[in-house]
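Notes for the one structure printed next.
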Amino acid sequence: MIMGCVFSLPEDRLVAFDRPQTTRETSFIDKMKKTGKNIVVFYGSQTGTAEEFANRLAKDAHRYGMKGMSADPEEYDLSELSRLTEIENSIAIFCMATYGEGDPTDNAQDFYDWLHEGDADFSGVKYTVFALGNKTYEHYNAMGKYVDQRLAELGAQRIFDLGMGDDDGNLEEDFVSWREQFWPAVCEHFGVEATGEESSIRQYELKVHSDLNMNKIYTGELGRLKSFENQKPPFDSKNPFLAPVTVNRKLNKAGDRHLMHLELDITGSKIRYESGDHVAVYPINDSVIVNRIGDLLGVDLDTVISLNNLDEESNKKHPFPCPTTYRTALTHYLDITNPPRTNVLYELAQYATEPKDQENMRKMASSSAEGKALYQSWVLDSCRNILAILEDFPSLRPPIDHLCELLPRLQARYYSIASSSKVHPNSIHICAVVVEYKTKTGRVNKGVATNWLKNKMPADNGHKATVPMYIRKSQFRLPFKSSNPVIMIGPGTGIAPFMGFVQERGWLKEQGKDVGETVLYYGCRYKNEDFLYQEELEEFEKTGVLTALNVAFSRDQAEKVYVQHLLKKNKEAVWRLVHTDNAHIYICGDARYMARDVQNAFYEIAEELGGMSRAQAVDYIKKLMTKGRYSQDVWS
């Protein structure tokens, strides 16, 4: 089946790994003065995209006779923003992604808190904001909008309108269109001319190592060298724990999909988690794709290299941990399966020896309507990754070091934890569906993380299969008072966090606590095919841990039945729980259709049984969200 390809998967931000901790310079103003920069681009990034955009804007500056630097707000003292006026023709650009339920990304949390509480005077400071979000979410671009509005309130001068990037549509096109209008506006504002330099500038230079001791070479670690061999807590995004896989079983009984349940052993790691948290795992790319790229480019992938930043003042010394081999970089550190963004095509175009190939690549990276349409159909809709592009442009054979410089970092993948730490303190459960689909070019694309996890079988022949992981705390929490009823709605793999919730409610009951009604709405295609955790759920129902188990089998009858239909069917019981008994509502799964349809079902129930107008019903649900009684853990 043909599915839309995913551009960016949720995962953690990227931070320089070999930053000297002691001599960290927290003044970005002093750094800008020292290095002759007049543009600073701050990024709030969770999956690396905002950081990528920030780097592109910083690189753009030189075409206009200016000098830019990108900066992680976590590394600098942002209260210095008011000093930006000391630098002539200066601008602060903010590329801000929104994460979760309208929250800042991890690396922008302190900046957000400071903006929220502070009362700085930014008069004379010039700024603009580009926001990254996804329209299917309730709080679309909340973080970007907030920063844009708050800076203006504090007296800063907005020199270009807020840009809105929508990852549900075409985020790349939104960014390119905004950027094409932004730079001319900057030139006009400062009265400068574009230098017209469209040439590609390298950010890193290649060093090939011929005689390095093997112990000095990175083999996939994310921070400290040898951290996978010599593990030390605390474990986090830069120091993941290698958790052994103890269980890996197929959940569905039939059908062409592969749904799986994995258990990761965290004994002795000091890792703590709560029901509702996310586990982040760092996958690796398929060796078949890696080898094929090496073959096409005629490269010995085991060459040991470093890519060193040409800007010696930069905090980011390398694009990924170095020294390492091309093979390790393409396997562990670089994203080789998502469709490349337009800047990658633009910079690689110079290496195509066939003028037609060069022209097409430049066209796709241009802001012309024809170019945008070509990029949309030829790259995005066709789900062409970098390998497919190299195969379909036979004259394009770039130097592999420039390719490695341009590709984005491979990101961690987040999964809702499917267990309760009260019941499983030393084990984290994952429930996921293996992603595999045919593209319009006839190629088969496979999800990086799910196919890698599928092959992680518990110890066979004494060798332990391990998964590098860490925990990301979430706001998705059971009610503080166990006597509050809960309504959980999670079709498909959206069942994951509710397995943890139900286990925990069962444990609370065993402790003699007063536990309120526990109601689950679950959905799958066919009862005999993909009813996940059927035995466990029916047992929970039998023992009274689950007060009600409502299951929608969408394809077991002529007309499709989904979770929202069951909610409406049981509207009286639902309304009583919500309106009279203070129930907490939880929704997990697909954001684009399911979460929206479920929300509409709640609107309709409130209208019908609460005697409200649509506007009042919308307001009613919004108030539940504000009170933390309507929580979503959704993805698109």
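Residue numbers in this text run from 1 along the chain shown.
Cβ coordinates come from backbone N, Cα and C, glycine included.
Whatever TrEMBL says is automated annotation, not expert-curated.
Summarising the annotation, TrEMBL assigns FMN binding site to 45-50, 97-100, 132-141, Asp167. For Arg257, Thr493, Ser554, Arg555, Lys560, Val561, Tyr562, Val563, Gln564, Asp597, the entry in TrEMBL reads NADP(+) binding site. For Arg413, Tyr414, Tyr415, Ser416, Cys431, Ala432, Val433, Tyr437, Gly447, Val448, Ala449, Thr450, Trp635, the entry in TrEMBL reads FAD binding site. For 39-183, the entry in TrEMBL reads domain 'Flavodoxin-like'. Residues or ranges marked as domain 'FAD-binding FR-type' in TrEMBL: 238-479.
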Lowest local Cβ density among Ala97, Cys431, Val433, Ala449, which the record lists as binding-site residues, within 10 Å: Val433
Helix, strand and coil totals (DSSP H, G, I; E, B; other) for the domain 'Flavodoxin-like' (39-183): 65 helix, 35 strand, 45 coil
Residue, out of the binding-site residues Arg257, Arg413, Lys560, whose Cβ gathers the largest set of other Cβ atoms within 10 Å: Arg413
Euclidean distance between Cα atoms of Ser554 (NADP(+) binding site) and Arg413 (FAD binding site), Å: 28
Binding-site residues (Ser45, Asn134, Ser554, Gln564), the one with most neighbouring Cβ atoms at 10 Å: Ser45
Those binding-site residues of Arg257, Tyr415, Gly447, Ala449, Ser554, Lys560 having Cα within 10 angstroms of Asn134 (FMN binding site): none
Annotated NADP(+) contacts Arg257, Thr493, Ser554, Arg555, Lys560, Val561, Tyr562, Val563, Gln564, Asp597, maximal Cα-Cα distance (Å, integer): 24
Lowest local Cβ density among Tyr137, Tyr140, Tyr415, which the record lists as binding-site residues, within 10 Å: Tyr140
Cα distance (Å, whole number) from Ala97 (FMN binding site) to Ser554 (NADP(+) binding site): 35
Extent of the FAD binding site in Å [max Cα distance among Arg413, Tyr414, Tyr415, Ser416, Cys431, Ala432, Val433, Tyr437, Gly447, Val448, Ala449, Thr450, Trp635]: 23
Cβ neighbour count within 10 Å of Gly48 (FMN binding site): 21
Neighbouring C-beta atoms (10 Å sphere around the C-beta of Trp635 (FAD binding site)): 19
Between Trp635 (FAD binding site) and Gly48 (FMN binding site): CA-CA distance (Å): 17
Gly100 (FMN binding site) to Tyr415 (FAD binding site) - Cα separation in whole Å: 13
